[in-house]
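Colleague: Before we start, here is the structure in question, set down as structure tokens.
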Amino acid sequence: MERKDFETWLDNISVTFLSLTDLQKNETLDHLISLSGAVQLRHLSNNLETLLKRDFLKLLPLELSFYLLKWLDPQTLLTCCLVSKQWNKVISACTEVWQTACKNLGWQIDDSVQDSLHWKKVYLKAILRMKQLEDHEAFETSSLIGHSARVYALYYKDGLLCTGSDDLSAKLWDVSTGQCVYGIQTHTCAAVKFDEQKLVTGSFDNTVACWEWSSGARTQHFRGHTGAVFSVDYSDELDILVSGSADFAVKVWALSAGTCLNTLTGHTEWVTKVVLQKCKVKSLLHSPGDYILLSADKYEIKIWPIGREINCKCLKTLSVSEDRSICLQPRLHFDGKYIVCSSALGLYQWDFASYDILRVIKTPEVANLALLGFGDVFALLFDNHYLYIMDLRTESLISRWPLPEYRKSKRGSSFLAGERPG
């Protein structure tokens, strides 16, 4: 049949076909299929999938596709990436879904970074690390060798680790290389904290000292405690140093002058931790940006005003038992929003805005875990034998790692958690 005659015939057939009922159309198609050969059936098979299974992700505007993708969980999105190159391209380009996925894993999101592939890679890296945690393959160990006596004090900041020892020295290490950056002669160190220029040490000789890294010289000596100084913190902005001691006292010092500004009393046990931190929420007694002074002993956490008033009164005392039947572990976490401390019953988390207990996370599998670090998604805990990682969303222990042999300190100074930006 000539092409022109065929087109005329096809037009007539089409008009007639459109006039049929659905049942008649179906019978017509069945009859045509029965008359078709292999070439026609293959053609039908190839085109039916396109006609019946529309690729909505390909056909929809990109904005609508992104809106639909936001309803899927990350694991489903990764599966969808395997459907086709087009699906992988669209899904990988949706910045918001990958940022949200990273945020749900506890990642700090920089909204200025809008590279979708960057956030997808971050998520995949985090998932791999989660798998490594579950398989106990996420840790590496290294040793820093240099002290000749017990190491009693640790502090980590920006990839640098400071160690204070009974050998009357403090050393600053580059964690990534294992190299000692500075080594200076000090007194016995029970607590250390440092920045680029200086080192502050609390000592078993009942004093606090400030040292210059570059020269090793002692630039300030703070005398006044009658017991070992177990914890120190300072603020250059306020020009204030605070210290907690075995004499049950917290002292506030002028950092540059070395003079004692105030002595805060009220503790009836060793003060094992002091924290000087900016408030990030509006509380009953503070506003965002205000500096907060916290101190902790075996049973209580106290919140103090930062001032020079004599006989200064504690603003608030937090505890987990009124009869002192439950002890607090010596470590304390405060990020400006929440106070977290461990006890024999589990982790206690207080809301700093109201001072109410938000939750108690119990660890029935392992008792008496000490707190090492507390984040948005994970917490680091340890006992005499293992380091544990807890998923705070499920309140379950997801991994553990054997610790080297050590003598547990009543001050909780045996271990610390490092921090990485982002």
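Cβ coordinates come from backbone N, Cα and C, glycine included.
According to Swiss-Prot, the record shows the following:
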- 54-101: domain 'F-box' (DOMAIN)
- Lys298: N6-acetyllysine (MOD_RES)
- 146-183: repeat 'WD 1' (REPEAT)
- 185-221: repeat 'WD 2' (REPEAT)
- 224-265: repeat 'WD 3' (REPEAT)
- 276-314: repeat 'WD 4' (REPEAT)
Colleague: Using DSSP, what is the helix/strand/coil residue split across the repeat 'WD 1' (146-183)?
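Modeller: Taking each residue of the repeat 'WD 1' (146-183) in turn, the totals are 0 helix, 24 strand, 14 coil.
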Colleague: Quick one: give me the count of other CB atoms within 10 A of the CB of the residue listed as 'N6-acetyllysine'.
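Modeller: By my count, 16.
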Colleague: Excluding the flanking five residues on each side, which residues at least 6 beyond the ends of the repeat 'WD 4' (276-314) place their CB within less than 8 Å of a CB in that stretch?
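Modeller: Residues 233-235, 238, 240, 242, 244, 248, 250, 252, 261-262, 264, 266-270, 321, 324, 326-328, 330, 332, 334-337, 339, 341, 352-355 contact the repeat 'WD 4' (276-314) from elsewhere in the chain.
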Colleague: By DSSP assignment, list the helix, strand and coil residue numbers for the repeat 'WD 2' (185-221), in that order.
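Modeller: Split by secondary structure, the repeat 'WD 2' (185-221) comes out as 0 helix, 19 strand, 18 coil.
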Colleague: Do any residues, 6 or more residues outside the repeat 'WD 1' (146-183), come within under 8 Å Cβ-to-Cβ of it, and if so which ones?
Modeller: 189-195, 199, 201-202, 211, 213-214, 216, 409, 413, 415-419
Colleague: Is the repeat 'WD 2' (185-221) packed against any residues at least 6 beyond its ends, judged by a Cβ distance under 8 Å, and which are they?
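Modeller: Sequence-distant neighbours of the repeat 'WD 2' (185-221): 152-155, 157, 160, 162-166, 168-170, 172, 227-234, 236, 241, 243, 245, 247, 253, 255-256, 258, 411, 413.
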Colleague: Helix, strand or coil for the residue listed as 'N6-acetyllysine'? Use DSSP.
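Modeller: The residue listed as 'N6-acetyllysine' sits in coil per DSSP, no helix or strand.
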Colleague: Note the mean pLDDT of the domain 'F-box' (54-101), expressed as a whole number.
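Modeller: 91, rounded to a whole number.
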